[in-house]
Amino acid sequence: MEEANQSMASEFIFRGLCDSRLLQTFLLLPFSMLYLMTVVGNLFVVLLFITDPHLHSPMYFLLANLSFVDFCLSSVTTPKLTTDFLKDNKTISFGGCMTQILCVHFFGGGEMVLLVTMAYDRYVAICKPLHYSSIMDRQKCIWLVLISWTIGFVHAMSQLVMILDLPFCGSRIVDSFFCDIPLVIKLACMDTHTLGMLINADSGILATTCFILLLMSYTYILLTVRLNSKDGASKALSTCTSHITVVLLFFGPCIFIYLWPLNITWMDKFLAVFYTVITPLLNPAIYTLRNKDIRNAIKRLINQHMNSQDNF
């Protein structure tokens, strides 16, 4: 029996989004398409920034990094989710489970800090326009992005260290489609109430701090916008609306999962799908549709392609 338990400890079993085999088959195509659109959309934004000199500014440098983070975050969970639709036995190794936890918190934590950085960039652009080029120079932008990646990594490692040595000797069934800490620690053969509070506090401090900073930044920006001319205010408000929409889409599900847990299985799964699958897809769409510079960059790219085809 001891040997059986030891072998079981090497993997976890996902319950998945639903139990119906027919529904899982039906969901395979939509989720595959969502992931393909996420990959294409986010990498296209990165490609636009690299190839179009008109987008070589701090705001679009940060946006390109956000798109890359969204691509990575979606890639941690969605490919596994889609392939599991075809399987009856949805297993993941212990190492794979810990890697998912590390990567979700690494990219998720990094995105939180990156969103704060983007709010700071808009604050400087709108509230201190005359000093923008000197404050948000290329070197500072790179440092801000590196800080966001570093904070995300430190946060992820702190989460992983707390659960890595937990004893798992009973059920291995995770009632979700990926390894999420609140669900994994429930499977440990010990009282994890205190540990769960520590883990939630760790995530909560990062999420709450970033969310408060974002609220303060955008409140100050919107108040400043009201004092500006109509043309400038309209453009600034359009940009800020895109940013605020992305912030709400990202932080909303995280708050309910980690800070205000509902303990409703279907709701938890819906929110998990939203921030790991849907939000990474919506972000490039929101910025692309609402941003005139990016729309113009797309037109220039299409025109260049058509011209090169004509010359050929």
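Just so you know, glycine gets a Cβ as well, placed from its N, Cα and C.
Annotated in TrEMBL:
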TRANSMEM  27-50  transmembrane segment
DOMAIN    41-287  domain 'G-protein coupled receptors family 1 profile'
TRANSMEM  98-120  transmembrane segment
TRANSMEM  141-164  transmembrane segment
TRANSMEM  205-225  transmembrane segment
TRANSMEM  237-260  transmembrane segment
TRANSMEM  272-290  transmembrane segment
Chain residues in Cβ proximity to the transmembrane segment (272-290) (below 8 Å; excluding those fewer than six residues from its ends, i.e. six or more beyond): 17, 31, 34-35, 37-38, 41-42, 44-45, 63, 66-67, 70-71, 73-74, 76-78, 81, 104, 108, 176-178, 180, 238-239, 241-242, 245-246, 249-250, 253-254, 257, 298
Confidence summary (mean pLDDT) of the domain 'G-protein coupled receptors family 1 profile' (41-287): 86
